[in-house]
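What TrEMBL annotates here:
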| type | residues | note |
| --- | --- | --- |
| ACT_SITE | 7 | active site, nucleophile |
| ACT_SITE | 9 | active site, proton donor/acceptor |
| BINDING | 7-9, 23, 42-47, 50, 74, 112-116, 143 | substrate binding site |
| BINDING | 7, 9, 167, 168 | Mg(2+) binding site |
Ligand code: BG6
Ligand code: MG
């Protein structure tokens with residue numbers, strides 16, 4: 001296994017909570033019911049598709065222009081929450097996992113649907129850390145489509161079978177499998193019936209990569 005492709009929100013950082021806060025603000029303003037369970041369905045899904053899921057609970061139809069305006073407002077709130085982030089928000093356990101894999105020569109990439117990926121990496125002090133960053137700015141279809149991971153593999157110059165994808169979202173596991181990748185699931189994604197490696201703790205990831213390489 002030459003490479004590990006990480007999802008960003010909910011794997012490398014806990015921005016999924018900030019997405020929730022921003023969407024909750026919007027939903028409350030529009031008088032639409034929204035809770036953490038609905039928020040789980042937004043993991044890995046693009047901004048506009050997330051809004052469509054939230055609007056399932058609305059009692060009226062929204063025009064395209066209204067949706068565009070709401071999505072922009074949500075992003076403004078989200079970005080102002082991101083502005084409070086710093087290197088201190090990089091979880092120590094995540095950093096150990098990244099450094100361990102890096103020290104063993106594993107290629108490391110990001111595969112995220114977020115258009116804010118580069119901003120978040122900058123905030124966490126990881127701007128130049130990854131060998132490739134594939135994100136919402138270079139894809140036309142978001143997860144469960146495999147495009148974001150296939151682009152990451154292409155940027156790394158490797159085949160999907162040579163990489164493992166790490167995900168917290170069910171849609172991300174579907175995307176990885178559709179692209180021909182093995183996948184590690186944490187959180188809800190560990191419950192996916194087809195996940196290759198369900199994990200309780202991301203700290204176990206280097207061991208999985210090591211064992212997999214010893215088998216080859
Ligand atoms: C994904 C998140 O990483 O990025 C989704 O899991 C989010 O919840 C998506 O909707 C798009 O993010 P952004 O930052 O482009 O609005
Ligand atoms: Mg995620």
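Each Cβ is built from the backbone N, Cα and C atoms, and glycine gets one as well.
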Closest by Cα to residue 167 (Mg(2+) binding site), out of the recorded positions 7, 23, 44, 47, 112, is 7
Please report the Cα separation of residue 23 (substrate binding site) and residue 9 (active site, proton donor/acceptor) in Å, rounded to an integer.
15
Should we count any of the binding-site residues 23, 167, 168 as near ligand 1, judged by a CB under 6 A from one of its atoms, and which?
none
Could you name the residues, excluding 7, 9, 167, 168, of the same chain that surround the Mg(2+) site, i.e. Cβ within 8 Å of the Cβ centre of those residues, in sequence order?
6, 8, 10, 11, 16, 43, 44, 112, 166, 169, 172, 186, 189
Checking the recorded positions 7, 9, 23, 112, 115, 168 against ligand 2, those whose Cβ falls under 6 Å of one of its atoms come out as 7, 9, 168
Lowest 10 Å Cβ neighbour count of the active-site residues 7, 9 is held by 9
Would you count the other C-beta atoms found within 10 angstroms of the C-beta of residue 115 (substrate binding site) for me?
15
